[in-house]
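Below is one structure, written out as structure tokens; the observations come after it.
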Amino acid sequence: MEKVKIVIAGPRGRMGKEAVNLVLSTESYELVGVVDRKFDGLTVGELDGFPESKALIYTDFEKCLQEVEPDVLIDLTTPEVGMFHTKTALKYKIRPVVGTTGFSKEDLEELEQLCAEHETGCIIAPNFAVGAVLMMKFSQMAARYFNDVEIIELHHDQKLDAPSGTAVKTAQMISDVREPKKQGHPDEKETIQGARGADYEGMHIHSVRLPGLIAHQQVLFGADGQTLTIRHDSYNRSSFMSGVKLAVDTVMKMDTFVYGLENIIE
Ligand SMILES: NC(=O)c1ccc[n+]([C@@H]2O[C@H](COP(=O)([O-])OP(=O)(O)OC[C@H]3O[C@@H](n4cnc5c(N)ncnc54)[C@H](O)[C@@H]3O)[C@@H](O)[C@H]2O)c1
Ligand SMILES: O=C(O)C1=N[C@H](C(=O)O)CCC1
């Protein structure tokens, strides 16, 4: 069986390192290159703390795609860089699996259109942890019965985007089934700006950033005399890797755009 040839962008990042280990330890995958801001021309194996690998490091993304001709790009960078990488990969008909968060609604629409234009599969997954995907699905289920909901997402303090991609996706999934409602007292006023968090169609999203955290979210529903809390916690980044593998294996079999792992998990 031919191996899936993979390029990883952001290999020295917190998620990138895990992804490099996943690809190098998976029999059916071949790491053919990585894209970094530094160390052009070195091999991955020459980087401190990385396992033996002859995969070349590129600082020029397009040069990397042209030289190593991967099947799949795994992007774990920043929103601006991730957007550029994903668009470029689609133009080369290379299938992106994107964990990078912070894309706008317009960004996602543009990527969906590019995907269709180039008939190339693409998976954008705000959260690769299976438990987090279930949390989102359960929250959508609960929102049919509870109209009032607040999302609290908690992440490490090095995170760039707020609210998290998972919180935005959760709010979108809930809003697909929830009766539109502006929550809280109609006359409520913030005496300190931001006290009620971000407003997504009347639901509130609160972002906590603290050292010691990895990735956590709770979705709180309230109704007369009762509350329901649905919570997920990732305690390490290897919790995301089975989802990355599922996404890589699935993207190889499709030529459409998928936003969210819930669309490919049975
Ligand atoms: N989908 C998920 O399940 C999931 C899980 C964790 C993190 N994330 C997201 O993944 C992204 C990365 O998270 P992280 O914690 O690993 O961040 P990080 O800051 O540790 O890593 C990002 C890496 O991208 C690299 N980078 C920046 N610009 C680059 C460029 N032009 N070319 C190549 N590399 C470049 C940086 O050098 C850095 O090593 C974030 O958007 C985060 O929100 C998603
Ligand atoms: O560490 C991060 O950054 C994470 N980001 C994702 C998000 O924005 O939802 C998911 C989990 C970790």
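Glycine is no exception: its Cβ is also placed from the backbone N, Cα and C atoms.
Going by TrEMBL, these are the annotated features:
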type	residues	note
ACT_SITE	H155	active site, proton donor/acceptor
ACT_SITE	K159	active site, proton donor
BINDING	G10, P11, R12, G13, R14, M15, D36, G99, T100, T101, A125, P126, N127, F128	NAD(+) binding site
BINDING	R37	NADP(+) binding site
BINDING	H156, G165, T166	(S)-2,3,4,5-tetrahydrodipicolinate binding site
DOMAIN	4-128	domain 'Dihydrodipicolinate reductase N-terminal'
DOMAIN	131-264	domain 'Dihydrodipicolinate reductase C-terminal'
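Where TrEMBL records a feature, it is marked here on the structure.
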{"residue": "G10", "record": "NAD(+) binding site", "contacts (Cβ under 8 Å, 6+ apart)": "G16, V35, D36, D75, L76, T77, V81, T100"}
{"residue": "R12", "record": "NAD(+) binding site", "contacts (Cβ under 8 Å, 6+ apart)": "D36, L47"}
{"residue": "R14", "record": "NAD(+) binding site", "contacts (Cβ under 8 Å, 6+ apart)": "Q158, R237"}
{"residue": "R37", "record": "NADP(+) binding site", "contacts (Cβ under 8 Å, 6+ apart)": "T59"}
{"residue": "N127", "record": "NAD(+) binding site", "contacts (Cβ under 8 Å, 6+ apart)": "V133, M136, G165, T166, K169, A215, F240, G243, L261"}
{"residue": "H155", "record": "active site, proton donor/acceptor", "contacts (Cβ under 8 Å, 6+ apart)": "S164, S207, V208, R209, L213, I214, A215, H216"}
{"residue": "H156", "record": "(S)-2,3,4,5-tetrahydrodipicolinate binding site", "contacts (Cβ under 8 Å, 6+ apart)": "R209, L210, P211, G212, L213, I214, A215"}
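Its Cβ taken as reference, D36 (NAD(+) binding site) is surrounded by 21 other Cβ atoms within 10 Å in the chains shown. The CA atom of A125 (NAD(+) binding site) is located 17 Å away from the CA atom of the residue listed as 'active site, proton donor'.
Remark: secondary structure over the domain 'Dihydrodipicolinate reductase N-terminal' (4-128) totals 49 helix, 28 strand, 48 coil, with classes taken from DSSP. Less than 6 Å separates the Cβ from ligand 2 in the case of none of the binding-site residues G10, R12, R14, D36. With a 10 A radius on its CB, T166 ((S)-2,3,4,5-tetrahydrodipicolinate binding site) counts 26 other CB atoms from all the protein chains.
Secondary structure by DSSP for the domain 'Dihydrodipicolinate reductase C-terminal' (131-264): 41 helix, 39 strand, 54 coil. Other Cβ atoms within 10 Å of the Cβ of G165 ((S)-2,3,4,5-tetrahydrodipicolinate binding site), summed over all protein chains shown, number 21. The record assigns G10, P11, R12, G13, R14, M15, D36, G99, T100, T101, A125, P126, N127, F128 to the NAD(+) binding site, and the maximum Cα to Cα distance across that set is 22 Å. The record gives H156, G165, T166 for (S)-2,3,4,5-tetrahydrodipicolinate. Within 8 Å of the mean position of their Cβ atoms, the other Cβ atoms in that chain belong to T101, P126, N127, E153, H155, K159, D161, S164, A167, A215, Q217. Among the recorded positions G10, R12, H155, H156, residues whose Cβ is positioned under 6 Å from ligand 1 are identified as G10, R12. Non-local neighbourhood of K159 (active site, proton donor): R209, each in the same chain, at least six residues away, with C-beta under 8 Å from its C-beta.
In the predicted structure, the domain 'Dihydrodipicolinate reductase C-terminal' (131-264) carries a mean pLDDT of 97. When other Cβ atoms within 10 Å of the Cβ of A125 (NAD(+) binding site) are tallied across all protein chains shown, the result is 28.
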